[in-house]
Structure formats: structure tokens, C-alpha cells
Amino acid sequence: MRVMGIRMNYQHLWKWGIMLLGILMTCSVAEDLWVTVYYGVPVWKEATTTLFCASDAKSYEPEAHNIWATHACVPTDPNPREIEMENVTENFNMWKNNMVEQMHEDIISLWDQNLKPCVKLTPLCVTLNCTNAGGNKTTNGNNTTNQEEQMMEKGEMKNCSFNITTVISDKKKQVHALFYRLDVVPIDDDNSANTSNTNYTNYRLINCNTSAITQACPKVTFEPIPIHYCAPAGFAILKCKDKKFNGTGPCKKVSTVQCTHGIRPVVSTQLLLNGSLAEEEIIIRSENLTNNVKTIIVHLNESVEINCTRPDNKITRQSTPIGLGQALYTTRIKGDIRQAYCNISAAAWNKTLQQVAKKLGDLLNQTTIIFKPPAGGDPEITTHSFNCGGEFFYCNTSRLFNSTWNSSTWNNDTLNSEGTIKLPCRIKQIINMWQGVGKAMYAPPIEGLIKCTSNITGLLLTRDGGVNNSTNETFRPGGGDMKDNWRNELYKYKVVRIEPLGIAPTRAKRRVVEREKRAIGLGAVFLGFLGAAGSTMGAVSVALTGQARQLLSGIVQQQNNLLRAIEAQQHMLQLTVWGIKQLQARVLAVESYLKDQQLLGIWGCSGKHICTTTVPWNSSWSNKSLEEIWNNMTWIEWEREIDNYTGVIYSLIENSQIQQEKNEQDLLQLDKWASLWNWFSITKWLWYIKIFIMIVGGLIGLRIVFTVLSLVNRVRQGYSPLSFQTLLPAPRGPDRPEGIEEEGGEQGRDRSIRLVNGFSALFWDDLRNLCLFSYHRLRDLILIATRIVELLGRRGWEAIKYLWSLLQYWTQELKNSFISLLNATAIAVAEGTDRIIELIRRAFRAVLHIPRRVRQGLERALL
């Protein structure tokens, strides 16, 4: 009755409880998603890494010690692979490309390394007594179509004498040498003033007070050889194939390559030589076209040939000793000195400049484009400086950049330009090194005639500042920062790091923990399966095995090539820049492979392409449905969406695997009981224990809830408890008197227990009552379960006995019926047999009586 009263008082609570139970049951059957690890997915991230070089150095002269040291590179692949990536859009930025920085550092290191063993010209920082050597030219040479070789201006070369220390340190001797005027500067002192009336003037080398001068070794050549930059294993090079790509922004035509195309490290200013060409139209590239400080790179679509010549002035190289075991190689000229020059086709140049002007006018919305010579600066900037046959040319380009174009001229297809543009050039032997401040190089003279033919494939321009509302824009040739030269070739490349480990939600959950014996051969991918980067996640996941087979084999092949290149340098006292990079590439490949395998081992996924886990998928990472993820998204899109949570997911997988290994160890320790209780699964026992704990916890929770509800109900009825302690009725003993004399009627046997003071006593009393309550309920539950089992056993035994007796009865009935059937059959057969025998006997008798009947008939007839 008490229970029924509580149910009636809290009927609405029962309804809410039933509703809550239904909601929990509905949620419990909802679809659960689990984290699954995939190895070999086509995912990448932007990265910076050490690139190594590949070059076909065997096709060039083997005897020459080329400064680029391409003999130390790995051989180029005769069949380079390029994998198209469909449905992939990638962002490129040529102005923030680490490949440019790396190439710049490599070229600087190569120059420094090749010049390190060469002679230092510090002893030459002495006073030079110089006179003019040869050259009687008086014309200004402004005729742009005159191709005859012109004489060098008077004073262009100096015949200098100076004192040098001999092998014996306390003795000096005077020697003579020829220097170009650009390589020496006059000394303004008293001695020069005293000799002003003579033909001698005091000079010094131009770099003596600012730079350390090193003479290039005699056998060093500067002819550029194409260098291919290659990514190590675990990395890839993405290439933009958009023909109109300006170097920054998204590119929708992306492919992946192992190495770049052959890049010639041509060191030049104003004009870019022997590079690649734009495939369709001229491309203008600038970090900010409206900022006149930024350099503008013009990528031509058609090359313009430039032919440069230094006439044979009967130049010979003479060796001048400047110290113990050191020699200065100077120039000796017999006869007149003719000037170096370069020739460019006027028609080809004007056509190119016309297209450049039109392109600049369209981009800047200007009606007039003006080209002017440089305003001033170092000779390397004001002239077109480059290396030709070992000599460093400085050519005046004022005849190339001295024109004005407007909408009427740049749209004119019939330009009157004939003949050849001739650029006067000067030669320097003391070169300001472009690698940095404070370095200079002395280039020994080259004997004989020098000719070189190059292709102009780009321009370096700067824009003049001024009034913004002007309709005219003035551009001048520039350069000097060699990074711009490399950018014009590397604008379409970027290096990415392959992330072969992918995580995604699936319905599969790891059920059985198995220890793998060994890991399969999976390495860091560098090319191969990136062709599937544009496919959906579901399409890629079914082909992971085939994709992963290429990985380790690619690493091994690349490692062998690098090792052969390193072994080829063992005869050298030190490795070149390329050798160091090859060693770094080998280390990077191994590190990348071991890192991935370590993660797979920590997660318990060694040797698996697809590995399920016990980590539930959290919708806060991504709330997309499975169908939307696997059917509509690519792996790279998915990776970018969950990139912020990969670290958290990795740690959860690791912690889950650690816990799983602990559980496995515990299970192995309990496995000895399986022989005794093999009809039960150990995991089931753990499940039973969990259910038992849940039931006990539920009972305790219900006890607390009902206690609180009872207290609230009494408060609502006007009863205020003395304390937070709930007073439970305690039954009186049978030997205690009940009530007092004044009380009448039947009294109950309940009384209130005493109150306790203090928090500890109150807590202990409540805890004891709660434990007693749980014990009593559990005891009642066990008794009820025992009675149920006993009742079910008794009823079951009675049912079995009834079924057994019923079986015996029906068996007996079937036996009797079968016997009766046999008896009836036997009787029927016997009776039928008797009748047949009787009929046969009667028939036989009838046959036997036929003669008698015939005789009797005849007798009657005769009577």
C-alpha cells in the first residue's frame, strides 16, 4: 500500500521517467561512428625541405671544372614522370617560395666553394703607376647599324707597374700588368699631384678598401649547365600548368613531378638569358604592380637572340708571381685594342618591346608607355652584365630602352625596323660579387676570340614613381637581385610534404586486438598515387594497397641514386654543396618513413592500410554525414577541414591503444580460467560485472532520488525537518511497551531514531543507512531471484515429468495400435487364404466329378 501511495503521489514523475527511458533507448540505437586510420592517402601540406640536384653533366665537357659542380648531381631521369591531378586547386606564391631562397643559397655556396682554394690578391693592394695602353678611338659610335668592329676608347686599358715582394721577403721587384679602366681608381695624393705633368698617374685596384679579392682559378668555367631540383622521398613538387598563371593565387591545373625542368643558373642583370618561355602570351609578374619599388619580371613568349663578341686582340695571358707559390694572371695585348660588343635584331627587339608595352598599358590602364635607360647606380645595374666565354661583359643598353609607345604604335603591326642594334660593351676583371657585400673576384683574361649566342627570354624592369593621375608610365631596366632570375623559372613550382596518414569516421569499430608480427613495406610517398588526389575519399580508400606498393620501392631507388652520387665524390677532400644536400635528402627520407611507422606502431596499426580504432568520432570535429564525406569530398579537402583537430585525435588514438594494451595484458593474465570455464567468455564476465555495477549504482541513485523527493513532499505539506538528516522509522522490539497510559486505540510499532550531531557523524549515519538499504534490497532481490529459480525449476521438473509420462502413454498407444494393425492384417490374410484354398479345392473336385456326371447322364439317357 505504501508503494501504491508513492506511485499515486508521483504519477507525473513516472510518466517523465518512462519518457526519459524511451529517449535513452532511442539514442542508444543511434548510429555510432568511430575513428579509422588510413595509410597511403593523397594528402599534402606546404613545407620547406632540402632539395637535391639532378643533371645530365656527362653531355658537357668533362675536363672543364664547371663552377656549378653538376658532376656531383644524380643523373636525370630519362623518362620523367608527371602525374596530372584532376579536380585539384592549389595556391602558389612565387614571391614567398622557399625554392627560390634555397637555389640562391646553393649558387652562393657553389661560387664561394669553388673560389676558396684560389689565390687571394691581397698583396696587390699597392700603388699602381699606370699609363694609357693602346686605343686611339675618337668617334662616339652612336650609329646603331654599324657592325664594324670599333676601336676601344683611349684610356680604356691601363699599363701599370708596381712593386711586389719576391720569394726573398726583404727584396722587391717591379712588374708590369694591364688592367681595365673600370678595375682601377686614381689615388688623389701628393705623389699624383707631383707627377701631374708626366704620363704616369697613381692608381689602386677598385676593391682594395672595401672587399677581399680572390682570383678565379685558371681552370674554372662559368658556363651554365641546366640543374634540376628534386624533392626527397616523403615530399613532392607541385607544378602549375596554367599557361596564363601570373605566379600568385590559385591554380586549377596542377600536376606533381619529382624534379623541376632544367634551370640554367645564368647570372645577369636587366635581361634574362637562356631561360624558359611563356607558352602563350607575354606574362607580367610583380608582387605589387602599383608599387614602383617592386621589380617587374617580364616573361617573354618568343626569345630574342643576342650575339656578343670580344674580338681577337692578340690577347695572351702572362703569369706574374706575387708571392711564394702564387701568381697573378694578367693581360698582354699586341697591336690595337678593339671594343667588345653585342648585336640584336632591331625587328625582333622592337616587336618584343611593342608587345611588352601593350601588355603594360592594359594592366595599368595607361595610354603611353615610355622606356628609358637606368637613372644611375653601380655598373652591374646601369648595364647589362653577364658572363660570356669566361669574360664578364658590361653592355650599355640605352639603345634598347629608349622608346615611347602608345595605343597607336603598340597596335601597329607594320613597324619600320631594319638592321641590327649594336650594344657597346666593356669588360671587367674585378667583379663585385652578387652574393653579398665585401666580396670581389678577379677573373683572369681569356685568350683569343670570344663569341657567345644567347636568347633573351625575359626582362627586369622598374617603374618610375610620380603623379598617379598621369597617363604616362616610365619603365627602366633593373635587376641586381639574382632571386628574381630564379623566380622567373621557379614561379610554377612549390614543395609539399606528403601526409600519408589519414583519419576519417566510419561505422567500423575495432573488436579484437591482434599483435602484428611485422610491418609491410610502406614508405613516404613522393609521387605515385597523387594522381588520385582529385578523387573522392571512397574511391581512393579501395585502392590503398595498390598505391602503397610504390612507396618503399621509390624510396629505395632514390636512395641508391643518391648513394652512387655521393660515392663518386669520395676522391674529393670535401663534399660539394650538392653532396651535402644528397646526404640530407637520404636522412630526410629515412626520418619520414620511420616517423610514419612509429605512429602506426603506437596506434596498433602496423602493417595495415586501413585500421579501425575504439575512439568514438566527435561531431565537433566535423558534423558532416558519412555519405557527404566519402562520396563528395577529396582527401585533401577533408584533411584541411579537420586539420585543427588532428593532434587531439592522434592523442586519443594513442591513449586508446595504451589502454587496450593494458586490458590485453589483464586478459592474458585471466586467460588461465578459460580452461575451467570455457563455456563462458572472459569478456562476457567483464560485461556482467559492468552491468552489476550499473544496477547497484542505479539502486543507490534511486534511493537518493526518492529520499530527496520525500523530503520535498514533506516540506510542501508544511513539515520542516530539524536538520538535513532524514529520520527513518525504526520498529520497536516485542519486549518494549508501546504508547503511554493516556493513549488509546491501537498504536503502531514505529518510533523515530535519535538525531546525531556533527558532519562526520551525520555523514556516517546516512552512509550506513544507505548501505543497509542497498544490502536489504539486494538481499530481497537475491531471495526473489532464488524463489523464481526454484519455482521455475519445480515447474520445469513437473513439466518434464508430464511430458515424459505423455511420451510413454503415446508410445504405448502407438505400440498397441501397431500390434492391433498387425493382428487384423494377419487375420484378414488368413481368412482370404482359406477362402482361396477352399475355392481351389472345390474347383478341383468339380473337375474330378466331370466323368462321373457324364456317366450318370448317359445312364439316364439310356433308361
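Placement of Cβ uses the backbone N, Cα and C atoms for every residue, glycine included.
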From the ranges 242-252, 374-384, pick the one that Swiss-Prot records as region 'CD4-binding loop'.
-> 374-384
Disulfide-bonded cysteine for Cys217 as listed in Swiss-Prot, from Cys53, Cys73, Cys118, Cys342 = Cys118
The disulfide recorded in Swiss-Prot for Cys259 goes to which of Cys230, Cys308?
-> Cys230
According to Swiss-Prot, which residue among Cys27, Cys73 is joined to Cys53 by a disulfide bond?
-> Cys73
Can you tell me how far the Cα of Asn455 (N-linked glycosylation site) sits from the Cα of Asn307 (N-linked glycosylation site), in Å?
-> 9
Glycosylation sites near Asn129 (N-linked glycosylation site) (Cα-Cα within 10 Å), from Asn87, Asn159, Asn288, Asn307 | Asn159
Compute the C-alpha separation of Asn288 (N-linked glycosylation site) from Asn307 (N-linked glycosylation site), stating it in Å without decimals.
-> 33
Nearest to Asn87 (N-linked glycosylation site) by Cα, among Asn159, Asn301, Asn472, Asn618, Asn623 (glycosylation sites)?
-> Asn623
Compare the Cα of Asn618 (N-linked glycosylation site) against each of the glycosylation sites Asn159, Asn301, Asn307, Asn472 and report the nearest.
-> Asn301
Asn301 (N-linked glycosylation site) CB neighbourhood, other CB atoms within 10 A = 15
May I ask which of the glycosylation sites Asn159, Asn301, Asn307, Asn623 is closest to Asn472 (N-linked glycosylation site) if we compare their C-alpha atoms?
-> Asn301
Could you please provide the mean pLDDT value for the region 'Immunosuppression' (581-599)?
-> 73
CA pair Asn623 (N-linked glycosylation site) / Asn301 (N-linked glycosylation site), Å rounded to integer, equals 49
